[in-house]
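As structure tokens, the structure follows; a few thoughts come after it.
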Amino acid sequence: MSRFHLPLAAAVVLVSCLWSANALVRPDGVGKLPALGWNSWNAFGCDIDDAKIMTAAKEIVNLGLKDLGYEYINIDDCWSVKSGRDKTTKRIVPDPAKFPDGIAGVADRIHDLGLKVGIYSSAGLTTCAGYPASLGYEEIDAQTFAEWGIDYLKYDNCGVPSNWTDAYTFCVPDPGSASTNGTCPDNENPAPQGYDWSTSLTAQRHQRMRDALLGVEHTIFYSLCEWGQADVSAWGNATGNSWRMSGDITPSWDRIAAIANENSFLLNHVDFWGHSDPDMLEVGNGDLTLAENRAHFALWAAMKSPLIIGTALDGIDPAHLEILLNKYLIAFHQDPVIGRPAYPYKWGYSPDWTFDPAHPAEYWSGPSSTLDGTLVLMLNSEGSRQTRTAVWKEIPELKDALGRKGRRQTGFRVTDVWTGKDLGCVRDHYTVTLESHDVAALLVGKGC
């Protein structure tokens, strides 16, 4: 068992779990369910200030997103003075031109709205945009963030000095660095068989901040952003509340499909207290079609990934807002009784268990206590209109269901998750025609 600083040592425990070796469990419940919120980076990059952050916070409330559970307003990179830390206190200094009331002032106003606030740093000497980062200053920064009232830390992997670079290279099977079966044949520096990546320098850099956060009296959700490096799925759950499993997302279907494919092979690590993070949402960004926006959100929700909105909320397209406000998908995502995500039960376009960045698994299912039924997704990963059919006897949660006379149940009440329409008693299967890159989302309920 890891050793933690005394203030929270008795309040935070590492417990053995089926889905991972360990998990961070807090008595206040922070981190049990995947995070819901908003982040500044995908919308604004470095062009942030007090006004933009507060506008996002107010829109989370005004648009009804807060009512569904969206709660974190996260300030990403570029919030501090770039020239360096305070020479006396060694603290990171908020940029007074961007945040005249400091980060604490913003946090106070966000808290007044009934929301929580997040901040950004990196496990290196500088952030990805070249601002002061936290390696070597973990305890100072954790204490500073706690005093400011910070509730969430996104912790990146930039600015790493050579003496903190891993001895080996882990295979992150992103397109461009992997073969079609998810391996990295060109990796010239693989770890020896049986190597424990939780002892790697990447893991140690992130564990140092974990210990510092656990040493303060204020709970801070810890989001690891290490891009899937160093086999983070094996140690992320003992280090943070969520962990990035790949490189960055972009507002393009090719990238969204590739990340969904990659994450579909990592879902055995996901349950209460620990969530694999396929990066922030791009709903509302770029040239994604409405179908692609829907599929992106549905897959992220079904995988119980953090749902962190990444678009400007003032002036958001009503159709995109409707996606973010889908009460069925949020209810599945925030289930307080069932922690496991939906899993692929059939790949569809490709043979089962095929690692294909262009065509992720198309058929997904997962049980839900909040919906009192099973969530079923059918994806069209192809570039043209196609039909997809969900066959009840193929779905793990439904295939063994018994009717009143002990016979296999063949009919179920079905609801269209996108429209809320009751589709009635559907027997044996349900077929739908989908536009390119769209997804059908069904709630399959009681037998009939």
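Yeah, the Cβs are placed from backbone N, Cα and C, and that goes for glycine too.
Of the listed residues Cys158, Cys171, Cys158 is the one Swiss-Prot pairs with Cys128, by disulfide bond. Of the cysteines Cys78, Cys171, only one is given by Swiss-Prot as the disulfide partner of Cys46: Cys78.
In this structure, Asp248 is the one among the active-site residues Asp156, Asp248 with the smallest number of other Cβ atoms inside 10 Å of its Cβ. Summary of the substrate site environment: with the site residues Glu226, Trp227, Gly228, Gln229, Ala230 set aside, the chain residues having Cβ atoms within 8 Å of the Cβ mean position are Asn157, Phe170, Val172, Thr202, Val232, Arg244.
Ranked by Cα separation from Trp227 (substrate binding site), the recorded positions Cys46, Cys78, Cys158, Asn163, Asn181 are led by Cys158. If you measure from the Cα atom of Asn181 (N-linked glycosylation site) to that of Glu226 (substrate binding site), you get 23 Å. Cβ neighbour density within 10 Å is lowest for Asn181 among the recorded positions Asn181, Gln229. Fewest Cβ neighbours within 10 Å among the recorded positions Cys78, Ala230: that distinction goes to Cys78. Nearest neighbour of Cys128 (disulfide bond) by Cα distance, taken over the recorded positions Cys46, Asp156, Asn163, Gly228, Asn237: Asp156.
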